[in-house]
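Read the structure below first, then the notes.
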Amino acid sequence: MQEPNQSSVTEFILLGFSFNSRTTPLLFSAFLMTYLLIILGNSLITILICLNSHLHTPMYFFIGILSMLDLGYTTTTVPQMLVHLASQKKTISFASCVAQMYIFLVLGITESWLFAMMSIDRYVAICHPLRYKVIMSPWLCGVMVTFCGLWGVISALIYTVFAMRLPYCGPNKINHFFCEVPAVLKLACADTSVNDWVDFILGFSVILVPLSLILVIYVNIFIAISRIRSVQGRLRAFSTCASHITVVTVFCVPAMVMYMKPSSEASPEDDKKLALFYNVISAFLNPIIYSLRNKDVKRAFFKAAGRGRAPE
């Protein structure tokens, strides 16, 4: 196994997006504004959940964890992208690239499994409402989140080790806006077929398995909802699931396409667009989806702002 420090490449150049210099200021402004809104939205949801006792429920516990993951997830990549857009120097050291790759994978894989845990929470809330608080105890919620984190740490380590064990002897230009595994592997001076298999197998365990679990759970949820006699009751039950289904689709589907296709079929420009979806856009949409449609969150916000109650 070749160690990273034995490689002839000591730093990489991140090419970023293929735009001319005239559009760079506009692109910088758009990403900066989006990043600030991500920080504001996710931080606000996290603070509201911590401060408001009415939000101390399993569902909001998972939403709070999701917001913290989104904050870390985007902070791993977006600030560096903004620096590279604003300056001529677009380099990243080999060690920093490895660290960025690993942290990004840890948070992303953890988030992927967290979505599965959130679907379990919705299943218990809808199908076993009278036993909901007993089944979804704080201890069980803590175990579920710990499982997601451990799975993320271990899977990300395997991804990173298999990617960085390869020799990198030049060129050193990564056609991406951050050090993502598929983009980095294209620069390896060795056969990456083993990595393709590792990526596919791990992609199966960290994306397809959670998605399959979510699908099975929602089939059962929809069966249970269809048995509710009241139309208003069915709509209320479905509404609690709609937000979760939306964020899962925005995050998991692009990630599955990215990590489960062979590197030979990868298109740099398409990969960057996919990465924007599950790295930036999903983190931007999550606070909007979980707050604008949620009366509890709006009520907590207006209470914290001193207005007493949210307008209907």
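Including glycine, each Cβ sits where the backbone N, Cα and C put it.
The domain 'G-protein coupled receptors family 1 profile' feature in TrEMBL is assigned to 41-290. Annotated transmembrane segment per TrEMBL: 26-51, 58-78, 98-118, 139-162, 200-225, 237-260, 275-292, in sequence order.
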Can you work out whether the transmembrane segment (275-292) touches the transmembrane segment (139-162), with the criterion being 3+ CB pairs under 8 Å where the paired residues are 6 or more apart along the chain?
no
Sequence-remote partners of the transmembrane segment (58-78) [C-beta within less than 8 Å, at least six residues beyond its ends]:
31, 35, 38-39, 41-43, 45-46, 49-50, 100, 103-104, 107-108, 110-111, 114, 117-118, 121-122, 125, 132, 136, 138, 141, 145, 177-178, 247, 279-280, 282-283, 286-287, 290, 296
